[in-house]
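Novice: Okay, so TrEMBL annotates it like this:
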COMPBIAS  13-27  compositional bias 'Pro residues'
REGION    1-34  region 'Disordered'
TRANSMEM  62-82  transmembrane segment
TRANSMEM  94-112  transmembrane segment
TRANSMEM  118-137  transmembrane segment
TRANSMEM  158-176  transmembrane segment
TRANSMEM  182-201  transmembrane segment
TRANSMEM  206-223  transmembrane segment
TRANSMEM  243-264  transmembrane segment
TRANSMEM  385-407  transmembrane segment
TRANSMEM  413-432  transmembrane segment
TRANSMEM  444-462  transmembrane segment
TRANSMEM  482-502  transmembrane segment
Amino acid sequence: MGETENHQHHHPPPPQVVAPPAAPPPNFALSRGPTWTPAEQLHQLQYCIHSNPSWPQALLLAFQHFIVNLGTTVLIASTMVPRMGGNHGDKARVIQVLLFMSGINTLLQTLIGSRLPTVMGVSFAYTLPLLSIINDYTDEAFGTEHDRFVRGIRTIQGSLIVASFVNIILGYSRAWGELTRFFTPIVMVPVVCLVGLGLFARGFPLLGNCVEIGLPMLILLIISQQYLKRVHSRAHLILERFALLICIGIVWAFAAILTVSGAYNNVKTATKLSCRTDRSYLMSSAPWIKIPYPFQWGTPIFRASHVFGMIGAALVSSAESTATFFAAARLSGATAPPAHVLSRSIGLQGIGMLLEGLFGSLVGTTASVENVGLLGLTHIGSRRVVQISTGFMIFFSIFGKFGAFFASIPLPIFAAIYCILLGIVAACGITFIQFANSNSMRNIYVLGVSLFLGLSIPQYFVMNTTGDGHGPVRTNAGWFNSILNTFFSSPATVATIVGTVLDNTLEARQVDDRGIPWWKPFQHSKGDARTEEFYSYPLRINEYIPTRFL
């Protein structure tokens, strides 16, 4: 019997064979190692902004901050006081006042200002206004050179007092903070870089004045702090934190041996001044005890022609301080300082400048780049350490003989230290690029132009500035000349102007390219939960201050 259609067998169709997808081309970028994600805070610090080492270690670390700050103080006093007509005793008193005001201003900034571990040291931005004042009194007849010095420092006092109100108004009106809202990570790279690189003249050019002392200091510091620390675990702790003090002691003793043995008896005068340990004349001229007090040089002299130059220097020191605050935040484990913190810190810097005018300081102060570099060198960003250092500054400013002993360290030793510390701050600026698109040609353009002009324009102004302080800008308006010549002699200020203008006017393909999504929360007091932790006032002072001032 034939099969009906009900009995027919239905076989399923054979499965179709799907060809496997082609393997993707090899990604050579991934094969070369891991990709590092951006880090808002450095995690390799042993102590961050609000953690503290033991008291013995904190004292030694604070003394290191004092020594680093002392080098810049002695340098500007040794350069300017003789040109003003001052003698060795005047130089010793000027150093005492500068140290005293550094201590007071540092304590104020760490307590109620930026709250960052930054030492407030002397600023070289005031060099041009000083040269202008010196030049004005050069041709006048005085009974003695000391009288010319006193007249000059009284004029500096008056100019500092008037110029201080510019910073006070900019700060406490919050105008400065509003200006910083135009900053992005792309702007911060050249600004922070050049606040370190712009001080290159304090590095090897100064070291080269006495190579046989400066170069051994540089080599010894690198070897001991970076290589010898691997020998033993205990050596690692000591050398990483205190190698700077150890190396200064060794090389200073070596310089003293060369001086006593007569190695510098038959050399040029400039070499003697740089190399000998007995050429500062501070030990013999410094008083045993001298407390700085207001108007110690006499009544301030107010001259409009010098006030404008000092105003320009005050603005430049504010721009440099702002860049240094961002570097200090990175190297102390804090988040980027918000706009209201920058405003109050600049306002307080103005108050400090007013005090400097009253006490008769030679120049105003700014956040010390060298001391911020020391945070990175020691891996310790503790605020308490910097606050303790103010005790050393105030003590050695009052007891002059003790301070003069350390102030007699030859300047090439300090120059060797700056070669490393300033480089650390410059490299810290480069790290801000991690928050923006470093592959964007637009960003590369902004960075390149800002970095190059930030170095090149100030170099042009320095090369074309005469010994009496007259720069390339020479119009009939002296106040206009003073401000512009001061502005464009500062690498950090030029980088701030060029970078901010370019970054805020050139069109970006995406907002993320400029790093704004990362940057924006840190510009507001409530934008990041950690802001209160790092930047709030101590002792619950916030509760007694109106919200609009916080």
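In case you wondered, yes, glycine gets a Cβ from its N, Cα and C as well.
Unlike curated records, TrEMBL annotations are generated automatically.
Relative to the rest of the structure, where do these features sit?
Specialist: Listed by sequence, the residues of this chain that lie at least six past the ends of the transmembrane segment (158-176) yet keep a Cβ under 8 A from its Cβ atoms are 129, 133, 300-303, 306-307, 309-311, 313-315, 318, 322, 339-340, 342-351, 353-354, 356-358, 361, 364, 549.
Listed by sequence, the residues of this chain that lie at least six past the ends of the transmembrane segment (182-201) yet keep a Cβ under 8 A from its Cβ atoms are 124, 320, 322-324, 326-327, 369, 373, 418, 422-430, 432-436, 443, 446-447, 450-451, 454-455, 458, 490-492, 494-496, 498-500, 503-504, 514-516, 518-519.
Same-chain neighbours of the transmembrane segment (243-264): 60, 63-64, 67-68, 212-213, 216-217, 220-221, 224-225, 229, 271-272, 275-278, 374, 377-378, 409-410, 413, 417, counting only residues six or more beyond its ends whose CB sits under 8 Å from a CB of the stretch.
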Novice: If contact means at least 3 Cβ pairs within less than 8 Å, sequence distance 6 or more, would you call the transmembrane segment (118-137) and the transmembrane segment (413-432) in contact?
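Specialist: As far as Cβ distances go (cut-off 8 Å, pairs 6 or more apart), the transmembrane segment (118-137) and the transmembrane segment (413-432) do not touch.
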Novice: Top stretch among 62-82, 94-112, 385-407, 413-432, 482-502 for CB pairs under 8 A with the transmembrane segment (444-462)?
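Specialist: Answer, by Cβ pair count: 482-502.
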Novice: Out of 94-112, 385-407, 413-432, 482-502, what stretch is closest in contact terms to the transmembrane segment (206-223), meaning most Cβ pairs under 8 angstroms?
Specialist: 413-432
Novice: I need to check the long-range neighbours of the transmembrane segment (413-432): which residues 6 or more away from its ends have a CB within less than 8 Å of a CB in the stretch?
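Specialist: Counting only partners 6 or more residues beyond its ends, the transmembrane segment (413-432) has Cβ contacts under 8 Å with 68, 71-72, 74-75, 185, 188-197, 199-200, 202-207, 209, 213-215, 217-218, 221-222, 244, 248, 251-252, 255, 323-324, 326-327, 330-331, 369-374, 376-377, 515.
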